[in-house]
Amino acid sequence: MIAPSILSADFARLADELAAVEGADWVHVDVMDAHFVPNLTLGLPVVKALLKATDIPIDCHLMIDDPDRWAIGYAEAGAYNVTVHVEAANDPVKLAKDLKAAGAKAGLSIKPGTPIEPYLDLLKHYDTLLVMSVEPGFGGQDFIADVLDKVRVARDRTDKGELNLIVEIDGGINADTIEQAAEAGVDCFVAGSAVYGADDPARAVAALRAQAAR
Ligand code: DX5
Ligand code: ZN
């Protein structure tokens, strides 16, 4: 699956930018609070407007402090998947249960420097795992290939039936990096600059998908 990140889209024309990625599996929406990460983007009112503007499932990536307080609103609004950071969550088990009870998939994200092993039990409560392959905060950064070891662990546990995760990767995914990520076992590839930096974003989505399936 390919999830274009609207972080690299034109924020003044978001409805058009959603239409431009027709055929994408999910649309990835980066919520940043200028506390958990050194950048500020958008919040629930904008996500509600996006939900009205597209039928593509919305994948919310909350790079915010205190997701225990804020994440539920995105699930209740109708986001398909709501991802919180393990580094920010206070009670991630309760959060996962609440997100699922509100009708969303529950996602957990780990920064490049955060190991996966301490969280393997916790991940039993989650539907998706978002492995960050750049430091969260900005689009257009270089892919950190070391994180693929964490993808392999999640893939292996999922294939064995110990976990039931959709494995997502986020950051630096493009024509040069997507094949190694696919080989490691990623299910869903987030791509911002590689999609919205292309002349034809829908074609870029199709090309990335074909490349990942090779
Ligand atoms: C970064 C965001 C990413 C970002 C990826 O903190 O979480 O979703 O949009 O952008 P690219 O694909 O350009 O690395
Ligand atoms: Zn993201």
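For all residues, glycine too, the Cβ spot is worked out from N, Cα and C.
TrEMBL annotations:
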- Ser5, His61, Gly137, Phe138, Gly139, Gly140, Asp170, Gly171, Gly172, Gly192, Ser193: substrate binding site (BINDING)
- His28, Asp30, His61, Asp170: divalent metal cation binding site (BINDING)
- Asp30: active site, proton acceptor (ACT_SITE)
- Asp170: active site, proton donor (ACT_SITE)
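Sparsest Cβ environment among the binding-site residues Gly137, Gly172 (other Cβ atoms counted within 10 Å): Gly137. Ligand 2 lies under 6 Å from the Cβ of none of the binding-site residues Gly137, Gly139, Gly172, Ser193. Excluding His28, Asp30, His61, Asp170, which define the divalent metal cation site, the same chain contributes Ala3, Ser5, Leu7, Val29, Asp59, Cys60, Met63, Thr83, Leu130, Val190, Gly192 within 8 Å (Cβ to the Cβ centroid), listed in sequence order.
Asp170 (substrate binding site) and Asp30 (divalent metal cation binding site) are 11 Å apart (CA-CA, integer value). Cβ-based neighbour count (10 Å, all protein chains) for Ser193 (substrate binding site) stands at 17. Apart from Ser5, His61, Gly137, Phe138, Gly139, Gly140, Asp170, Gly171, Gly172, Gly192, Ser193, the residues listed for substrate, the same chain places the Cβ atoms of Leu7, Ser8, Asp30, Val134, Gln141, Val190 within 8 Å of the centroid of those Cβ atoms. Distance noted between the C-alpha atoms of His28 (divalent metal cation binding site) and Gly172 (substrate binding site) is 14 Å. A separation of roughly 11 Å, to the nearest angstrom, links the Cα atoms of Gly137 (substrate binding site) and His61 (divalent metal cation binding site). Residue environment of His61 (divalent metal cation binding site) contains 26 other Cβ atoms, counted within 10 Å of its Cβ in all protein chains. Here the C-alpha separation of Gly172 (substrate binding site) and His61 (divalent metal cation binding site) works out to 16 Å. In this structure, Gly137 (substrate binding site) belongs to neither helix nor strand by DSSP; it is coil.
Annotated pair Gly139 (substrate binding site) and His61 (divalent metal cation binding site), C-alpha to C-alpha distance, rounded: 13 Å.
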